[in-house]
Every structure is written in C-alpha cells, then in structure tokens.
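The feature disulfide bond is assigned by TrEMBL to Cys71-Cys76, Cys360-Cys363. Taken from TrEMBL, the feature FAD binding site covers Arg161, Thr163, Trp174, Ser218, His221, Arg253. If you look up TrEMBL, you'll see Cys360 marked as active site, nucleophile. Under the heading active site, TrEMBL lists Cys363.
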Amino acid sequence: SFSILERCALCFPSKVTGDLEDCACDVETIDGFNNDQLFPKLQTLLESDYFRFYKVNLNKPCPFWKVQSHCGLKLCAVQPCSPVSFSLNPSPFYSAEANDNQDTCEQEKHLGAVDVSLSNETREALLSWSKHDDEAERFCVVDDEESPDSQYVDLLLNPERYTGYKGPEAWQIWNSIYEENCFKPSTIQRPLIPGLFQSSSGNEGQCVEKRAFYRLISGLHASINIHLSARYLLDDSWFQRKWGHNVTEFRQRFDSELTAGEGPKRLRNLYFLYLIELRALAKVLPFFQQPSFRLYTGRPAEDQKHKELLLDILQQARNFPLHFDETSLFTGDEIEGAKLKEDIRLAFLNISRIMDCVGCFKCRLWGKLQTQGLGTALKILFSERQIEALKPKSSGERPSFQLSRQEIVSLLNAFGRISTSIRELKNFRALLAEER
C-alpha cells in the first residue's frame, strides 16, 4: 500500500511541456539531498530571530461565509493576559453530541491556541526592525503587514501540530479550496465526509499550468497532514502531554487502499511542491547576494552570520542536479499565457482569503504563512527576468525585483515545513517497517 515510501520512481516532469506524470528521478534522490544536506542547516536558520517572528492578523472575518461552531467565535477573541503577554483562544471543532461539546471545546482551546507572548526587549527590537523595513523600497504590500490588528507571533512557541480541528468546518475549508480555486480534475472528489474518495483517471484535458497548480495545493495539503500525523497528541493527562507519530492517522490519509489510490498521488504531489519551492530558492539567490541586503535584527555580526548561512542554503539549492524546469510554463500564445497567469494569481489570492475562514487560530497561522510562502515562490518563478536584471541602482531608482521581510520569512518557513515533511516520511517509513 505504501510503495511511494519505498524505493520507487517518483513522478514529476522532466520537461514541463510533457505530461506531469512523466518520471525523471526516484524518491531517494530527493530524500538524500533534503535529509542529509539541506534540512539540518535550514532548521538552524529558522531558529534565528529574523525568521522566527511572523507578523499576522488572526482576527480578520471570513469573507465568504459565516464561521459557525458550537462554542461561538466570541470565545476565540484575543484575551489579554498582561501588558506584555496575551493569548488567543481558538474556535472549537465540531462535536455531534451536545454533552461532549464543552470538553471538546476546552481541548481545542488549549491545543489550537496561539501563544503571542513577547518580552519587552523583543517588542522594542521588532519596532526597530519595522522602522528599518519601512525605509526600504517595497515591491508589494500584504494586508497583514499594514493592518493595525496584526501582531508578531513567535513561530517557535507555536509549532504546527495536531490541534483537534476537524469535522465539517475543517472540510469546508479544503472543499472550497479544491472546488472553487484549484483547477481540480473533475474526477477527483473532495467530499464533506472523510473516507469517500473517487480515484482520478486522467487529466481531463487541462493545460499543464493548471494541473501544476492543482498539484501544488494538493502537495501543501499532504504536507500539513504529515505534520499533524507526526506531532499528534498521543496522551493528554493531568500529569503529561505527549506528542508523537500516529501511524494509524498517517495510514488513513495516505494508504492506497484506504484512499482509493489517492494517498500515493498526494505524496507525489508533496515532492512536486518541494521541487517547485526548491527551484524558487535557487532562482532567488542573486537577490540575497546583493551587498545591500541584510537579515536585519540590529545585531550586525549575528545578521551577517545568518546571511552567510542563508546564502549557503540557497547555493546548495542551486546545485541540486535535478531541478524542475519551469521555463515552458506560460509559453506559446502570449495573450493566453498572460490570461493563465492572471487566473492562477487570482485563484491564489482567493485561497489566501479562505485562510481567514479557518476556525482554529494555530491552523490559521500556519495556513496563512504557508500560503504566502508558496505565493512568494511563484512570484519568484514568474520574475526571472527581473531577478537577472538586479544590479546597483542610482538613488531614487526602483529595484527591478524586491521582497519584503514578510515574504522572506514566509518563503523560508514554508519551505522548512515541506522539508520537514520529507524528513518525517523517513520516520514513518521506519515505523511502517516495524509493523511488518
């Protein structure tokens, strides 16, 4: 059932103009590169101050439907704990039995809460960072960066893991993403009731760009499910809270027999997403090589050390021998290519807005970050000419390409999540082997 986790051909395009199921290399090629070379350095980088703080607005209302839950959104409001520290209570997940509702709400209140406590020293430093960023020329503005309701969250205090967020509300999020925004092949069904799957039999005549976009979102979904399975709440008693790998949960999401053949395809899409984001990191190296660029935190020696580590990681990404070839995307008819680009851009913006409908605040945090990270990766791949044109500019002249701090933090953390998923597959492979 889990041949994808064994040594087998991994399908991804050697040429974008061909079928997206063409095979070009095997799982071990990417596993070895990620697990042995990139993953350890990436984790060190993401623990640095520049990358651990993410600015986000978790209080935006859902623009598409009224978010309902048995506990009510009032319990999800920001609750001040002190002048420096305050916490967010999450929306509870669906419970069919009214008598169990309070218990389930209390469980998600703790598991899905976002810890936004920051020391006075950290808050002062972040203000300094914002002043530095405001003086830099901006390429684009993200709503969360400018909103007065936004706040910095320490990602290390809020790891992505199981929160108990499930049921119809959670399925409505993914259904909306797949059915309305994803150019999904019509043979793939996303039912409200988990466990009802229909296998896909073809590409339904979709153009390669739209099929690629669907696979990216499917890969992101797979990655999130791997994190939830790898950091599952195994024990929640009064004297301990134990997190660990839940093989049963993993099987339910990826076993070929339990998902009507869709599970291995989801894992292939995860690798496809990895290759796309890896390609973006390789392409964006010249931007970070600019002498004027700094990972600014107000500590020059530490900032320079982390910039050197970042450049090392990006150079390793560039040296990967089997990169995805994105040059044939949006080629051919210029008008049609431009329309496809705009369709995908608008669909991606819509998915970003759907993240404001996620009831669990910790899930919303990581959903917004990873969506923005993938969007930044696509922006990089669409901006190759502008990146290649980077050169010292005269004062007052706008750079040909720019990334904001928010985009940089989301790009690296999003790839860190994908890299972690690839690493966790090795752990699940070992656990599955023990069961045999």
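Each Cβ is built from the backbone N, Cα and C atoms, and glycine gets one as well.
Those TrEMBL annotations? Automatic predictions, nothing curated.
Not measured: the values here are computed from a predicted model.
Around Arg161 (FAD binding site), the same-chain residues at least 6 positions away in sequence with a Cβ under 8 Å from its Cβ are His227, Leu228, Ala230, Arg231, Tyr232, Leu233, Trp243. Rounded to the nearest whole angstrom, the C-alpha distance between His221 (FAD binding site) and Cys363 (disulfide bond) is 12. Each residue contributes its Cα atom, and for Arg253 (FAD binding site) and Cys363 (disulfide bond) those atoms are 18 Å apart. Restricting the binding-site residues Thr163, Trp174, Ser218 to those with a CA within 10 Å of the CA of Cys360 (active site, nucleophile) leaves Thr163, listed by sequence position. Between the alpha carbons (Cα) of Cys363 (disulfide bond) and Ser218 (FAD binding site) lies a span of roughly 17 Å.
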